[in-house]
Structure formats: C-alpha cells, structure tokens
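Visitor: To start, I am sharing the structure in question, which I have written as structure tokens.
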Amino acid sequence: MAVQCVTKVELTVSCQNLLDKDISSKSDPLCVLLMSNSNSQWYEADRTERVQNCLNPKFAKKFVVDYYFEIVQTLKFGIYDIDNKTVDLSDDDFLGELECTLGQVVSSKNLTRPLILKNKTPAGKGTITITAEEIKDNRVVNFEVQARKLDNKDLFGKSDPYLEFHKQTESGWQLAHRTEVVKNNLNPTWKPFRIPLQSLCGGDMEKPIKVNVSEHVRMEAVWQHAGQVECYDYDNDGSHDLIGSFETTMKRLQEASQTSPAEFECINSKKKQKKKGYKNSGVVCVKLCQVVKEYTFLDYIMGGCQINFTVAVDFTGSNGDPRSPDSLHYISPQGVNEYLTAIWSVGNVIQDYDSDKMFPAFGFGAQIPPTWQVSHEFPLNFNASNPFCAGVEGVVQAYRACLPQVKLYGPTNFSPIINHVACFAKQALQQTTASQYYVLLIITDGVITDMDETRNSIVNASRLPMSIIIVGVGGADFSAMEFLDGDNGRLRSLTGEVAVRDIVQFVPFRQFQNAPSQALAQSVLAELPQLLVRRWPRQC
C-alpha cells in the first residue's frame, strides 16, 4: 500500500510595486490564500494581516499548509486593498493575483512572479514573492519585552515604537514577526507575544537573530524576524524611522528572567558614524524568552481529549412562519432547510471526536409550552434535566419535533447559551489534563439584540477551553457577527478587557449554497485545531 508523503510547509509572502488605489495615501494591502478542492472549486484557506499605506508589503502572518508530494496542489494568492472592516472582499479593490502550484513554490524556495489582474493583464509592475520552508520544529518562543530611553524621532510628541524580529537566511534577513505599536512612549512595554522557533532561527539556538526597533510605519501589525531585532518609530504618513537594532541569538535571549532581564543596546549605525560620543539609541530589555513545545491537534485527540458539541438554534420571529415556504425554518419536500444543513455539515465532522456522541441541543428566542414564556435557552427535547441527543441524527430529530411545538418570537439573545456552555468549560479547567474541549454551534438569522452582554460573555469565555461557531442563515446584515469574529482585531468587552483568544468563527450560509457539501464544515472548522492547541501550550 502506498504511503502519502506529507509535511507541513510555511509560506512567507511579500510584494513589490503594488498598484496604488488610494487617492490621498497608498494602498492598504492584504493577501488571501485560496486553495482548490477536489471539485476544482476555490475556497479561502487563510489571509494575512492588512499592511496600511504600503506598496511594498512584507506580510508577517505566515500561511501553513500540508504539502503532498504526489498531489498537484493549486494555490491562488490574491492581493486586495482593504479600506473597510468587513470580511467580504467583493467591496475592496483588487490589486492582482498569482496562481501556481505548491510544488512550484517548494521547488523554487523563493518564487517571484508578476501579479495578474482578472482580465489576465499585468497589474502594473507589481510582483509577489513566496518563500517556502518545511516546518520541522513545533516549538514556540514566548516573549515579554520592554525598552527604555529610546531616541525620539518625532518633532511633536514622542516616538511610536515597535519591534521587528528577523531570521537569517541564505538570501538575507527574513521578517519573522512584528509587534504592536506603542504610541507616544520612549519607554515602551510591548504586550507578550510568541514566535515559532522555526520562523525565528530554524531551531538553531546559535543562529543570529536581528531585532530592529522602529517608529510606527502605520501598519496594523508589527513583524518579527529571527536573527535580527529592529526598533522603529511609527509615522502616519507612511514612512518609518529606524531607531536602532541589535543582533543576538536564542541562547543569549534565553538568559532573560523577570529578575534579571537580558539587555541589548539599540545601535543606529548612521547616527553612530555622524555623532561623536554616541553610545546608543536606547536599551531593549527582554524579561522573558521561554521556549515551549506546541502540541498538535492530533497530539491532544490521541491523548484522549474529547470535543463536546452543543447546538443552539434561533427560533425568533424574523425567521418567518415555518409553514410558509418563505420561512428559513420551512422544511422542503426533500427534508432540508439551511438550519438542518448547517447541523449536518458541522456535526458530522465533530461527532467523530466525541466518544459517547451525546450532544445537548437548545433553542432560543421562542415562546415555549406550557406557559408560553419567551426562553433564550430551552432544550430542543424539552427535557431540562437531560437535553442530550443521540448523535447528529438525534439533534435533527429533536429539531424537527420541536419546531411545531413552539411559537417563534424574540429577541435574539446569544449570551445565555454562551454562558451555559462556558459553565461546563470552566469545570474542565479544574482537571489536570487537557481532556475536554467545548464547541458551541449557533445558527441564527439576524441581528443580535444583547450585543453588549454577548461581547462580555465571549471575552470571559476566551480564557476557557471552548470555541463558538456562528452560521448565519438567510440574507440579513451580518456585520455584527463579523465584529464578534474578531478577525480585524481582538474583541473587547464593555469595560475594555481584550479577549485572550479569538474564539468565534462566523460564516454566512449563503456563501456555501452552491458549494460542495463539505465546504461549510471545512470553512467553520478550519480554525478549531489551532484554537484547541493555543488553549493548552506546553513548556519544554
């Protein structure tokens, strides 16, 4: 029997000479990776951060894909100018694309090609470069870094510094990570961050790392490189000023501790040449450099971790009368509707990772018997002491039986069901092993009524071993759902508390109406393995 040759490959993307679509500034590019499925249909695999006001972006976000030697894997890299906060790219300017195979990228190591527009003409002088590297090391490095007495690069106010970490490669320094910008501060403390050891130094503890300290370039993410660290000052006019840099190694960085930080002088070589008596442009203090092993999704599953699946169905009045063919709850002669399709698609994948395959299923937003009070958390089988259904088939049967017994009403409140699942996820934290993970599937047709409470619930749940999948059915405005998804920045509670992880994944069902049956599940579950892994990092 033939054995598939598979390995994980990390793809780094950069562009040059992009088209400028903005009138008063420069384009704000983002790269989207599309992959072709078995039916030769494109689906979005991942996307990078947006780099503001830049025609020559180096994207910090890496694409990690499975590489099969014996399969032709077609990729499409699309570049867009992002000028809004919506996830949908149809309202953004297209800057060009490259279609190629993963084999071409891997064999080239550094593949540079011209960007092409939809009409197959060149996108100006724009080019894209993709660098491939096999991932052989699954360790990551946790950092806590601050600086003091940085040079001030601004005439009015203080510098807005950020760090860039660079990895040494055969072709030069490669960006590995960029931190966030700390505004108006010459003694900044950056938020804790992590860099894959592979990206930082290829696992070689003696390999040079370059760190640049710079002034804010008006980018939405700050990049990190292995081998060199640079500090920059961020400027809103699209330029960025190098404050200073230093070179080090992982071996030296690991000497850092809270009580005895590893300190590095930031040197600006141009300033050093011009200024007599020049000492440095500030000092960078590494308080924590901790190498941890990041276990894979399969490590957890094979180690006994169970995925607990809960379904929540929207029974608010905006769905329409279930007896009418116009209703989203109307079950067609073929026995389906969008709610049932979502339950089947997601549930069929998750049920393989739950040993007892008993799934609690709830409804919200309906008047329920016998008192006909509105409930935002009622069992589909009306058994409060045992809301479990036997497999996905049991959830479907409970939904079908429940539908004629309730009166669709409102409002659309998410927080009660999120808090319900969070209670069980919180109990799982008391266990000494990572044995339980909770997935809540919410299927809804409209705008959330309790947005403030839902935000608080999600931020609180971000610390717990759970994820929330929201599938939007119908043609409503789902901008609020996209806000909860957090892809454009971490969600915050009303008090300003930031979510520890982005645990919400939202997709509108209408995007998958003509797609293969497995496409919806692939989209909403793609991030689940990574979310589970990030909840339980392990120190080496």
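Glycine residues also receive a Cβ, built from the backbone N, Cα and C atoms like all the rest.
Here's the feature list from TrEMBL:
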type	residues	note
DOMAIN	1-115	domain 'C2'
DOMAIN	124-264	domain 'C2'
Visitor: Reported in the order helix, strand, coil, what are the DSSP residue counts of the domain 'C2' (124-264)?
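Guide: DSSP composition of the domain 'C2' (124-264): 9 helix, 72 strand, 60 coil.
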Visitor: Looking only at the domain 'C2' (124-264), what is the mean pLDDT?
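Guide: Per the prediction, mean pLDDT sits at 84 for the domain 'C2' (124-264).
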Visitor: DSSP says what for the domain 'C2' (1-115): how many helix, strand, coil residues?
Guide: 7 helix, 55 strand, 53 coil
